[in-house]
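Presented below is the structure to which this report refers.
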Ligand SMILES: NC(=O)c1ccc[n+]([C@@H]2O[C@H](COP(=O)([O-])OP(=O)(O)OC[C@H]3O[C@@H](n4cnc5c(N)ncnc54)[C@H](O)[C@@H]3O)[C@@H](O)[C@H]2O)c1
Ligand SMILES: O=c1ccn([C@@H]2O[C@H](COP(=O)(O)OP(=O)(O)O[C@H]3O[C@H](CO)[C@@H](O)[C@H](O)[C@H]3O)[C@@H](O)[C@H]2O)c(=O)[nH]1
C-alpha cells in the first residue's frame with residue numbers, strides 16, 4: 001500500500017464510478033484506486049470477466065489495471081480509512097416521495113456516504129463530488145463533515161461529462177475536466193492536488209477550474225443545453241411533417257452556422273438516459289425554490305417537448321395504421337436509450353411499449369444489448385411483450401417496425417427478407433432516421449421517418465412526397 005503515491009477511493013461503482021476510476025488507474029499506475037459499493041453483485045461483476053456495464057473499450061482498460069492498482073470491493077470502511085482522496089459517485093435520482101417528488105434530486109445515498117466518511121475517517125481527506133448534485137450541495141457535505149472548508153476535509157466539485165456508449169473515449173480525451181473548489185488557500189491546494197491527477201493524461205488547457213457553486217451548476221446547465229438542442233430540433237420535426245420540409249436538411253443548414261454548430265441536432269423519437277430529464281427537473285426545482293418561476297418554466301418546456309415527441313411517435317403509428325393497433329404486432333428495433341449501451345434508464349422504448357400495449361398491440365422488443373433490462377422495465381406488461389434478439393425473427397409476422405435505437409446493425413439488415421416475412425401492408429417508423437428510406441419504399445414498405453415526408457404506396461394527409 002505504501003508503494004503507491006496516492007490512495008484514491010471511489011464510493012459508487014456504477015456507470016460513472018467504474019469507468020472513471022478504471023481510467024485513472026489505467027493512466028496512473030502510481031496511484032492505488034479502490035472502488036467500493038454497497039451492492040455486492042455489482043462488485044462481483046466488476047471483479048469478473050463479465051463486467052456489469054457494456055461500454056466499448058471498457059474491458060481493455062479494466063483488465064489492464066485490475067489487480068495492479070485498481071481494486072473493487074464492498075469494504076467501504078477500510079476504503080475510507082486508507083484513502084487520501086475520496087470520490088463520491090453514488091446515484092442521485094429524482095425524488096419519488098415527499099417534498100419535491102418527481103422534480104428534486106434524491107440526496108439520501110449521497111448523504112449516507114457523507115456520514116460514513118465522517119465516521120470512518122482518521123486522517124485529513126479531499127472529498128470529490130463526482131455525482132451530479134444541486135448547487136451548494138458541497139456546502140451541505142461540508143456541514144455534515146463538520147468543516148467550513150478550513151478543517152480536516154476539503155470538498156471539491158468535479159462533475160462528470162462522459163456520455164454512455166462513448167465513456168472510454170470521453171474519459172481518455174475529455175473536452176474539459178471541471179474542478180470547483182473554495183477559493184481559500186486550503187481549497188486551492190486541494191484543487192491543485194486533483195488537477196495533478198488529471199494532468200497525467202489531460203492537457204492543462206482542458207482542465208478548467210472554478211469556484212464550487214459554478215462548477216456544480218455548470219453540470220446541470222451543460223445537460224440542460226444539450227437536451228434543449230434535441231427538444232428544439234424535435235419541435236421543428238413536427239413542423240417539418242406538416243409542411244413537407246426535411247428536418248435533416250434543416251438541421252444541416254442551421255448547424256453549418258459556426259455560432260450554432262452541428263452537434264446534438266439529430267431529430268429522434270426523444271432523448272432518454274438517466275441524466276437529461278433528471279438533471280433538468282433538478283434545475284427546474286432549484287429555480288422554483290429560489291422563486292424564479294419564469295426561468296423554471298422555460299427549462300421545463302425542454303422536458304415537455306420530449307414527452308410530446310414520444311407521444312407524437314405513438315399517435316403517428318396509431319393514425320397511420322388505420323386508427324387501430326388492437327391485435328396488431330409491432331417490432332421495436334432497439335430498446336437501449338442510445339446505441340452502444342445496454343442501459344435502458346428513461347429510454348423512450350419504455351413509454352412507447354407501454355402506450356402500444358394500452359392500445360392492445362403486441363410488442364416484440366429486439367436489441368443486441370438491452371434485452372435483460374427491457375424484461376425488467378416491461379415486466380408489468382406481461383404477455384403483451386416478447387423479447388427476441390435476432391431482428392429477423394423479431395420482425396416476422398409483424399405489421400410494423402419501429403426503430404428506437406440507432407444501432408449500426410439495423411442499417412445493414414436484409415430488409416427485403418424482412419418485408420417478405422411481415423404482415424402487409426408493412427410499415428416502418430424510423431424514430432432515428434438511420435435507414436435508407438427510398439430503398440425501403442422500393443421494397444414495398446410504407447415509410448414514416450421523423451420530420452421528413454412519408455414514402456407510402458397510398459395517399460396520406462400531405463405527408464407523401
Ligand atoms: N450515467 C452517466 O452517464 C452519468 C454521467 C455523468 C454523471 N452522472 C452522475 O453520476 C452519478 C452516478 O451515476 P451512475 O449512472 O454511475 O449511477 P449508478 O446507479 O449506475 O451507480 C451508483 C452506485 O452507487 C452505489 N451506492 C449508492 N449508495 C451507496 C453507498 N452509501 N455506499 C456505496 N455505494 C453506494 C449504488 O449501489 C450504485 O452501484 C449520478 O449523480 C449521475 O447523475 C452519470
Ligand atoms: O442529436 C441527438 C443527440 C442525442 N440524442 C439522444 O439524447 C439522449 C442522450 O444522449 P447522450 O447525451 O449522447 O448520452 P448520455 O449518456 O445521456 O450523456 C448525457 O448525459 C450525461 C450524464 O449527465 C452527461 O455526462 C453527458 O455529457 C451527456 O451527453 C439519447 O437518448 C440520445 O439518443 C438525440 O436524440 N439527438
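Cβ coordinates are placed from backbone N, Cα and C, and glycine is handled just like the others.
Counting every protein chain shown, 25 other Cβ atoms lie within 10 Å of the Cβ of residue 275 (active site, nucleophile). DSSP gives residue 275 (active site, nucleophile) a coil state; it is part of no helix or strand. The feature NAD(+) binding site is assigned by TrEMBL to 12-17, 37, 42, 90-94, 131-132, 164, 275-278, 345.
Non-local neighbourhood of residue 267 (substrate binding site): 233, 234, 236, 237, 247, 248, 251, 433, 450, 451, each in the same chain, at least six residues away, with C-beta under 8 Å from its C-beta. Here TrEMBL flags 160-164, 219-223, 259, 266-272, 337-338, 432 as substrate binding site.
Residues annotated as active site, nucleophile in TrEMBL: 275.
The feature domain 'UDP-glucose/GDP-mannose dehydrogenase C-terminal' is assigned by TrEMBL to 331-437. Helix first, then strand, then coil: DSSP counts for the domain 'UDP-glucose/GDP-mannose dehydrogenase C-terminal' (331-437) stand at 42 helix, 19 strand, 46 coil.
With a CB cut-off of under 6 A applied against ligand 2, none of the binding-site residues 37, 91, 94, 220, 270, 277 are retained.
In this structure, the binding-site residues that sit close to ligand 1, with a C-beta under 6 angstroms from any of its atoms, are 91, 164, chosen from 91, 94, 164. Sparsest Cβ environment among the binding-site residues 37, 163, 220 (other Cβ atoms counted within 10 Å): 163. Counted over every protein chain shown, other Cβ atoms within 10 Å are most numerous around 270 among the binding-site residues 12, 270.
Spatial neighbours are here defined as Cα atoms within 10 angstroms of one another, and by that definition the neighbours of residue 223 (substrate binding site) among the recorded positions 12, 275, 277 are 275, 277.
If you take the Cα of residue 94 (NAD(+) binding site) and the Cα of residue 275 (active site, nucleophile), they are about 10 angstrom apart, rounded to a whole number. Note: the CA-CA distance between residue 12 (NAD(+) binding site) and residue 160 (substrate binding site) rounds to 14 Å.
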